[in-house]
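Per TrEMBL, the features are:
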BINDING   His62, Asp104, His221, Glu225  divalent metal cation binding site
Amino acid sequence: MKAIDLNHFLCTLFPALPKPTVDRVTAGDPDRVVKKIAVCWMPFRQAILKAKKACANVIVTHEPIFFEHWDLDGESKDHPETASKLRFIEELGITIIRCHDVWDRMPEIGIPFAWAKFLGLTDLVASNQFNRVYAIKTQTALAFARYLGNRIKNLGQAYVPFYGDPKKRIKTIGIGTGCTDPMNTLALGPDAVVAVDDAVRSWIAGSFAESAGTPVYVVNHGVSEEPGMATLTAFLKKHFPKIPVTHIRQGCSYRTLWPRG
């Protein structure tokens, strides 16, 4: 199987993809024969090196290589770091495939489903394409923050940024897929929302939460999608049992630097 064949297979999993789609071979030789696959959320240089060290010659990634959604079709294509990173990938002999639009939509095991399962959310009460609302045991917003914090610390996020009233009692929680605007999640009527940091604007969602008292918890983008990378790895292992597949675990995409004192 070649890298382009793997790309085509993934794209057939959800026929109603956006057109054009970002799910394609984004770097490297599309005709490279797949010997070993590495799965990661974001192809940082460190992740690519880990894939090479693991003897993988194809990487399946959820997010872009080149600093914006459309990779080399975007505005960053002329940046010196783009050219440098592309040379870096080519010199390592690695092909990178994007699996974003499919895995955001894949039923039961895609990004929003894997995230909900990781959080222990099972009682779905409302949903649309990119937002889901679950019933939970009635509790204070602060109590859920503590629960959430204990879950995400295992993925490298050390604290839970929070807007709203910590004393508010909640019995439903909303989540979005990836960078979904939390205001769209709130439109489904949850008592509180777990939102991704890339989508939370303090002057909009934060201001609304402080004004209305509606709890908004902020989770790192990579943290929210790491469970989906685990399910993607398992899926590829199941469908290609003769090809080794490894998961490069990333989790929180930033470092927390604590001041002394």
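Heads up, the Cβ atoms here are built off N, Cα and C, so glycines get one too.
Mapped onto this structure are the features recorded in TrEMBL.
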residue : record                             : CB count, 10 Å
His62   : divalent metal cation binding site : 24
Asp104  : divalent metal cation binding site : 23
His221  : divalent metal cation binding site : 19
Glu225  : divalent metal cation binding site : 29
**Item:** Additional residues surrounding divalent metal cation, by Cβ distance to the His62, Asp104, His221, Glu225 centre under 8 Å
**Value:** Trp41, Glu63, His100, Trp103, Ile111, Thr177, Gly178, Gly222, Ser224, Gly228
